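Enquirer: Can you keep this structure in mind? I'll have questions shortly.
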């Protein structure tokens, strides 16, 4: 019996910090409109990190995929002099138990193209591992064969601008629920700029905006939140009637696995 009890304890530990299952449940209104966003429940997106320069200025988002690795967008231009902040909700508060983590190595996808914005992904190897807790844990990565069909309601999070005209980004982490579009549908807005290395979401009254870049677009699969997109580009005015464009993670997984295995 004691052995069974031990097993059940391990099972609980697994679900506590297993990927894609927040210890603190997110609450979505479903009408959340990050332009027209809503505050997230503190700690409910535990993989969300803030990428900051040495002055503490937030310039991009990212996602923890393990204790040692963060995924973000290549166009963010992350350097080893930048820092990763995990466990943060309110950037205006000094009362949070955040983890400020140094970056040991930056792996920018060598096929990233600044003109086409294809392959917009960078992996960051942390100098010291993040300590997983109730408010810090990993998102699940998809398999290359996973299918997330158009119409799937997903969520993007970030500290990006809530209006493109605002001078400052919000202090509190914002969230927005938004549907995936087919690439054919997305091309009606963006034409030939859309490639199979991208996935679109939104045009539904919500939008990612400047400062959200590199952050997650997550969809639920088998009860766990899975990283489907990385905030990449969109309308310069963060129009909520135009879809945002995200790096399509299923297409980039082979490269991710190659880097993780070699390092």
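Each position is counted from 1, following the chain as shown.
Glycine is treated like the rest: Cβ placed from N, Cα and C.
What Swiss-Prot shows for this protein is this:
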type	residues	note
ACT_SITE	75	active site, charge relay system
ACT_SITE	120	active site, charge relay system
ACT_SITE	213	active site, charge relay system
DISULFID	19-140	disulfide bond
DISULFID	60-76	disulfide bond
DISULFID	154-219	disulfide bond
DISULFID	186-200	disulfide bond
DISULFID	209-238	disulfide bond
DOMAIN	34-261	domain 'Peptidase S1'
MOD_RES	93	phosphoserine
SIGNAL	1-18	signal peptide
Enquirer: Determine the Cβ neighbour count for residue 140 (disulfide bond): the number of other Cβ atoms within 10 Å of its Cβ.
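Expert: A count of 20.
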Enquirer: Where residue 200 (disulfide bond) and residue 209 (disulfide bond) are concerned, what is their Cα separation in Å, rounded?
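Expert: Checking the Cα atoms of residue 200 (disulfide bond) and residue 209 (disulfide bond) gives a distance of 14 Å.
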Enquirer: Among the recorded positions 93, 213, point out the residue whose Cβ has the most other Cβ atoms within 10 Å, with all shown protein chains included in the count.
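Expert: Highest number of other Cβ atoms within 10 Å: 213.
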Enquirer: Sort residue 186 (disulfide bond) into helix, strand or coil using the DSSP assignment.
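Expert: The three-state answer is helix.
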Enquirer: Residues with Cβ closer than 8 Å to the Cβ of residue 120 (active site, charge relay system), same chain and 6+ apart in sequence?
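Expert: Correct list: 73, 74, 75, 109, 112, 197, 230, 232, 233, 247.
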Enquirer: Taking the Cα atoms as reference points, how far is residue 213 (active site, charge relay system) from residue 19 (disulfide bond) in Å?
Expert: 22
Enquirer: Counting only residues 6+ apart in the same chain, whose Cβ is under 8 Å from the Cβ of residue 219 (disulfide bond)?
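Expert: Long-range Cβ contacts: 148, 152, 153, 154, 155, 180, 225, 226, 228.
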Enquirer: Which state, by DSSP, holds residue 200 (disulfide bond): helix, strand or coil?
Expert: strand
Enquirer: Across all the protein chains here, work out how many other Cβ atoms are within 10 Å of the Cβ of residue 75 (active site, charge relay system).
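Expert: Taking every protein chain into account, the count is 22.
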Enquirer: For the domain 'Peptidase S1' (34-261), what's the model's average pLDDT?
Expert: 94
